[in-house]
Amino acid sequence: MKKRLLLPLFAALCLSQIAHADEGMWLMQQLGRKYAQMKERGLKMKEYDLYNPNGTSLKDAVVLFDGGCTGEVVSDRGLVLTNHHCGYDMIQAHSTLEHNYLENGFWAMREADELPNKDISVVFIDKIEDVTDYVKKELKAIKDPNSMDYLSPKYLQKLADKKAGKNFSAKNPGLSVEIKAFYGGNLYLMFTKKTYTDVRLVGAPPSSIGKFGADTDNWIWPRHTGDFSIFRIYADKNGNPAPYSEDNVPLKPKRFFNISLGGVQENDYAMIMGFPGTTHRYFTASEVDEWKSIDNDIRIRMRDIRQGVMLREMLADPQIKIMYSAKYAASQNAYKRAIGANWAIKTRGLRQNKQAMQDRLIAWGAKQGTPRYEEAVHEIDATVAKRADLRRRYWMIEEGIIRGIEFARSPIPTEDETKALQGNDASARKEAIDKIRTRYSKFANKDYSAEVDKKVAVAMLTEYLKEIPYENLPLHLRLVKDRFAGDVQAYVDDIFARSVFGSEAQFDAFAAVPSVEKLAEDPMVLFASSVFDEYRKLYNELRPYDDPILRAQRTYIAGLLEMDGDQDQFPDANLTLRFTYGQVKGYSPRDNVYYGHQTTLDGVMEKEDPDNWEFVVDPKLKAVYERKDFGRYADRSGRMPVAFCATTHTTGGNSGSPVMNANGELIGLNFDRNWEGVGGDIQYLADYQRSIIVDIRYVLLVIDKVGGCQRLLDEMNIVP
């Protein structure tokens, strides 16, 4: 092969052909070179109606929801659809035993009944600009050859602010700018974003619909979950972002989705826009090994222990179930994902494929007289090996204690608070106590049970102590051996008995007569301090290994782009707006088994189990089924569709993403992937990978027949 210069990135990619027909989480700027193929697959829209850098398009109806999901605007009054699991925390926050919206659902029959939410946002992408030349020019001014500024969010934000101009945000209310790196720092894009924070809960089905199948069915196809919730964006009277106010009005958006009742058939065109979070497409073989045997294995083991304790307590007490349902669900999602990824690595040859890819690059580089690609691979391999023990200890403390034990987040008094408590200024002492109380209440809130936390802690610490040698333990944890003869239960009981944070009553007693000395000797504070000291120590010891890997990855990815300039390459997901397209299609997971593309309400009833909370069927939904009262939402055969699957390429962050037909009309909401395709974060698996999508007709049926909320249907533009 003749030696070639690396073409400008977008130009090089424009020459490529797709490796797998439906693979790719494509940048919006890459639409032009994918458009012809999309048309061949069935797309009937104009290119500029999907993405128009100089005007409005369907892109303007897609939002980043609450920092980690996707949503879509479906009315001219700012109505937003997303997944039930994306809105779960907000639904839970409004739930009580008296008004249990998690169990019974919530439907605002008037706009005045819509519920405000704390600390929530939706973000529109106003503009996307290629700033690669600008960033690289600025980077040339950096003299340090080992500088990592080319990937530094802080540095890139400085460049974004500089490029946007002085007082940009002041002149443009609600707007902000951000530069993100792609392909390991070989491409840079600047995003202009508009963020709204007055976002109100409008509707949510009962969890028996929105979470039907729960953890048993998570990552599984066939699926029967009505995973949706409804919110509304509010703005000031000029349409600008504003904090919550009764004077705010529903947002009039630039664009919103029409909703199709046409349904789907096998091989129909399907397309998704959204904000995929993280993928590892450019991992080397050693990085795949590390991800599996350290990161995923530890996450699986420690979360399995924690979730086992939580589930037992939730099933034994309805109040605990309300309090811990969101925590359990959040933990389960990453847990199941790790299991699925490891399964794919083991059974689908992903590690071997990455080995073949890097071997091919090394051989190609040698022919070009370019040893730097081989050097990059060797640098990655060596660094992964060097950091293995530190990384294992880091993941154990993160999954086993930081994420696993709630009281590990006990408030550690600041220097200013300590001084205030030592002084004679009563108001300063009160302010210090109030600040400590606020931090205490962040974990010991209405959704906290000290008894559950104790049981989780005993289980987690027992496992942690088996894995970590005594000399590497956080200092306070060494007391398990030194003072309690290895009795973890006695250690945890002692912490709660003697800590001012052991209960609200204990904290109130302390607050009445605050003592710096008591805080300094508090076992929960000492536990938290020693845990975070060790966590920071491990983090700081691992940091020096990051830079050589990131620099080597930049070279490695540049080599792949140069070598395969005649093939498509898309950047790893990083929570930026992307599109993917494919077909509605079933699949065969193994010999003599085929899963069709569509599930129906018949399957919900087949799975019904009144004695298993995961498969309880809502009585209103059951009545609709028994009457066959499906109306205009039924399919051509008269059955009620629930979900379908498609070959689109998605990952975490795509939850809630709009799924469109060939006309750009909304046909469903993406909410999951199948087990067999979860390894798509590393490598797309064409025969197995499927996005799992709740059918929009099921969403509408539930709003109509279960929620009885006709006003929402009247607000949407529903087409045949």
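Going from the start of the chain as shown, residues are counted 1 onward.
The backbone N, Cα and C atoms fix where each Cβ goes, glycine too.
For HIS85 (active site, charge relay system), the same-chain residues lying six or more positions away in sequence with a CB closer than 8 A to its CB are GLY210, LYS211, ASP227, ALA329, ASN333, SER655, PHE671. Sequence annotations record features per position, and here Swiss-Prot assigns active site, charge relay system to HIS85 (among others) based on similarity to another entry.
ASP227 (active site, charge relay system) falls outside any helix or strand according to DSSP and counts as coil. Other Cβ atoms within 10 Å of the Cβ of ASP227 (active site, charge relay system) number 30 in total over all chains. If you look up Swiss-Prot, you'll see ASP227 (among others) marked as active site, charge relay system.
When other Cβ atoms within 10 Å of the Cβ of SER655 (active site, charge relay system) are tallied across all protein chains shown, the result is 27. Summarising the annotation, Swiss-Prot assigns active site, charge relay system to SER655 (among others).
Here Swiss-Prot flags CYS69-CYS86 as disulfide bond, drawing on experimental evidence. The 10 Å shell around the Cβ of CYS86 (disulfide bond) contains 23 further Cβ atoms across the protein chains shown.
Positions annotated as signal peptide by Swiss-Prot: 1-21.
In the three-state DSSP scheme, ARG673 (site 'Is essential for the Asp/Glu P1 specificity of DPP11') is classed as strand. The C-beta environment of ARG673 (site 'Is essential for the Asp/Glu P1 specificity of DPP11'), restricted to residues of the same chain at least 6 apart in sequence and closer than 8 Å, consists of TRP219, GLY340, THR650, THR651, GLY680, GLN689, ARG690, SER691, ILE692. The site 'Is essential for the Asp/Glu P1 specificity of DPP11' annotation in Swiss-Prot covers ARG673.
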